[in-house]
Amino acid sequence: MSWAYAALLVPCAAYMLALLAPSAADLLCAHASMACAAWGDAFLRRAAPVASVHAAIQYMDRALPALGVSLVLAVLGYGATYLAIAWSHRAFAAHGLCGRDLLKRTGAPVPESLGLPCAVIYLVLLLLFIPFRHFGCAASLYADHAQNLALYLSALLSMYSGALLGFVDDVLDIRWRFKLPIPLLSSIPMLMVYIAEGGATSVVVPAWPPVLRAFLRRTTLELGALYYVYMMLLAIFCTNCINILAGINGVEVGQALVIAVSVCINDLLYLDVPAVVQQAFFGRDVQVSLPLHNSVDLAARHLFSLHLLLPFIGTSAALLAWNRYPSRVFVGDTYCYFAGMVLVACGVLGHYSKTLLLFFLPQIANFLLSAPQLFHLVPCPRHRIPYLDAATGRLYPSCVVWEPRGMRGMLGGACIDMFVRMRLVCRVYDTHGKVLGVSNLTLLNAILVFCGARPGLASEATKRDDVALRVDALQGTVWLSERGLWYAMMGVQVAGSVLAFLVRYRLANAIFP
Ligand code: UD1
Ligand code: MG
């Protein structure tokens, strides 16, 4: 664990240094030149790089305010979260916060809700960051200091309430009908700031099909209050969608990390980092430009998003180290809600909420697939995670008993028919060939069905309590273990991000010229 201590201590020292940076570096240079005078030219040659690195860092900080500090906090976040989990996970279990790992033969108890130390450390890092951001950014990018601070604090408040809601859910197991609308309340602070700073509420009318612009006789459409409704729904979606794509080791943190890294890459497209680095460290006189849309305001918003996301990536990576297969801790709903709120705060306050939604393509697919179960057109068991064949360690889609029930049954049946034709869902039959049920409607089960893993014939002694269906004969062509399914799911998430970039920067340019 010594590297975790190093990851903690080095950034701590760097943070202290950065706090004192201007005076400390000046002092260093002054001492260096005094020493130079005393000890001659040889020392001058060694001291010179110190001064030039100091100047380069100062230049970087002017061009991309506080980004360096954010990077330091990300590394600090990794070390601190890793150690915090190491120190606290037994205490969580001792206080009853532990769950059974359903996809392990032993079903051993694993400490639950360890998303809490991750969220707490992240939020402490963001508090430490306030002076850097305020003095760094406010001076050069934001005209209004108070507004800049309000923007940042509203994001913090929304994230705090997201984490709190998740922890309450872990402890009290809130019912879904209450869980769904609560993120609405969490999103109020950032929506108020969005209103106060006069955020745009219009959308561009697509140029294709051409009849749309001809019919509306305009190129932009003012949505007004509807736009706020959209952002509230986005908050509900982002907080819950990670939670319903859960249940195998490491999948909650993995998906949040891929989305966060993708959003960071998107942010960097708005900042000319290579030119700044070349100027600062190699002294090349390159023209620093704003690569996309040439707007200082846009650059400031994407810098804001990076300030929030870099420490999030650091703390989440440490959590993944503990939560990846085989999990030593579970993240709990605390992490799912907290991560959703961090991403939605970046999207709304960074004014790229539509682009953000593109990075949630797998989560949107999982939601659409899950909808018949979430809206009770098809029964929804307590757990929908895949079924483990303990003898081989292979995963199969888990199933649910499904009986057509009048009109609701017919609607559910139509959805199932469509999913079966798309090879995302499979039916389970009894020995007489009668349909007994279907595989649970989740993306994880769909990947297994798509790969050819099938629940076989259900025996007469089918277990019907909890509407979960035990399968006893299993067939399949491609086998996936829990670790294999995690890699497959991460592959889908990365492919989703690649598609999102293509849509955002190729298709969107054609449709919204
Ligand atoms: C959501 C899903 C549920 C899924 C569950 C798993 C919906 C509507 N609900 O419910 O289908 O089964 O998440 O998180 O889609 N667990 C593991 N291995 C893991 C992670 C979790 O076995 O890698 C189990 C543990 O027993 C843990 C429990 O899942 O205690 C946590 O479930 P919880 O987060 O309370 O379930 P929900 O969020 O309500
Ligand atoms: Mg959960």
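Heads up, the Cβ atoms here are built off N, Cα and C, so glycines get one too.
Annotation comment: TrEMBL describes 1-25 as signal peptide.
Among the features that TrEMBL reports, transmembrane segment is placed at 64-87 (among others). Nonlocal intrachain contacts for the transmembrane segment (64-87), taken as residues 6+ away from its ends with a CB within less than 8 angstroms of a stretch CB, comprise 1, 4-12, 14-15, 18, 57, 114, 117-118, 120-122, 125, 128-129, 132-133, 136-137, 139-141, 271, 273, 276, 303, 306-307, 310-315, 317-319, 321-322, 329.
Summarising the annotation, TrEMBL assigns transmembrane segment to 108-130 (among others).
According to TrEMBL, the feature transmembrane segment maps to 150-168 (among others).
Beyond its flanks by at least six residues, the transmembrane segment (180-205) meets 147, 150-151, 153-155, 157-158, 161-162, 165, 174, 212-213, 216, 218-228, 231-232, 235-236, 238-240, 337, 340-341, 344-345, 348-349, 351, 354, 512 of its own chain at Cβ-Cβ distances under 8 Å. The transmembrane segment annotation in TrEMBL covers 180-205 (among others).
Feature annotation from TrEMBL assigns transmembrane segment to 225-245 (among others).
Per TrEMBL, transmembrane segment is recorded for 302-322 (among others).
Sequence annotations record features per position, and here TrEMBL assigns transmembrane segment to 334-352 (among others).
Among the features that TrEMBL reports, transmembrane segment is placed at 484-503 (among others).
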Are there three or more C-beta pairs under 8 angstroms joining the transmembrane segment (225-245) and the transmembrane segment (302-322), sequence spacing 6 or more?
no
Same chain, outside the transmembrane segment (225-245) by at least 6, Cβ under 8 Å from its Cβ: which residues?
158, 162, 165, 179-181, 183-184, 186-187, 191, 194-195, 201-203, 251-252, 255-256, 333, 336-337, 339-341, 343-344, 347-348, 353, 356-357, 360, 362-364, 366-367, 370, 374, 442-444
Intrachain residues whose Cβ lies under 8 Å of the transmembrane segment (108-130), provided they are six or more past its termini:
15, 66, 69-70, 73, 76-77, 80-81, 84-85, 88-90, 92-93, 97-101, 149, 152, 156, 159-160, 163, 166-167, 170-171, 307-308, 311-312, 315-316, 318-319, 322-323, 327-336, 338-339, 342
